[in-house]
């Protein structure tokens, strides 16, 4: 039991994803279809970028990516599964006992203190102590319900915190990934899911640079921040980080 951090792995993707996407795009405009599958990678990349700029992004749906995400909180996955054009498989709190669960500590707690019985206590230490207390209560409730079993776990889990670590498989097509990145790389996105999105983008861009080149928060594509009064004020920084 202890603090963990997010780790994302790209475990599988469409074979020759850029080639498949380019072929799908060429098919839409080709009167002769015999040679649409024959192409060099250089021309495929240029074609994909041109098509994306035109807004013909439906062809990206032919490329599919599966990520394994671990070391993240239930708070993160509650946000993640709101992206509905995707497939998810998550570790169960019903079938898997969580007596010694790992957890995620919000970095904002570092260097902070909380008042306990008139004294200032380190916030991270207080948080970790709270996690230990919850684990103890979970075990007691589990015991009262009959011990480690599916039936006991499904009710004892109600005491578990949002900080509880979880693992999840995520499968998205490239079009949905573009939307996901635009939403979750925004500085107004919650810090934990933004960090996971950063890792996912790095992996996706490394595998398919033509599809994910210049991808970032939506302000990068739009050329302005769409958040109005809630803007982070960092458009130029985001443009330089992602748009270059």
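We number each residue from 1, going along the chain as drawn.
Heads up, the Cβ atoms here are built off N, Cα and C, so glycines get one too.
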*Since TrEMBL lists 79, 80, 81, 82, 90, 91, 92, 93, 94, 184 for dUMP, which candidate among 157, 175 does it give for that site as well?*
157
*Do you know which of 58, 73, 149, 152 TrEMBL groups with 82, 83, 84, 90, 173, 174, 175, 179 in the FAD site?*
58
*Sort out the sequence-distant neighbours of residue 79 (dUMP binding site) for me: same chain, 6+ apart, CB within less than 8 Å of its CB, listed by position.*
184, 190, 193
*Cβ-based isolation winner (fewest other Cβ atoms within 10 Å) among the binding-site residues 81, 174*: 81
_For residue 179 (FAD binding site): intrachain residues, at least 6 apart, with Cβ closer than 8 Å_ = 83, 85
_residue 174 (FAD binding site) and residue 94 (dUMP binding site), Cα-Cα, nearest whole angstrom_ = 32
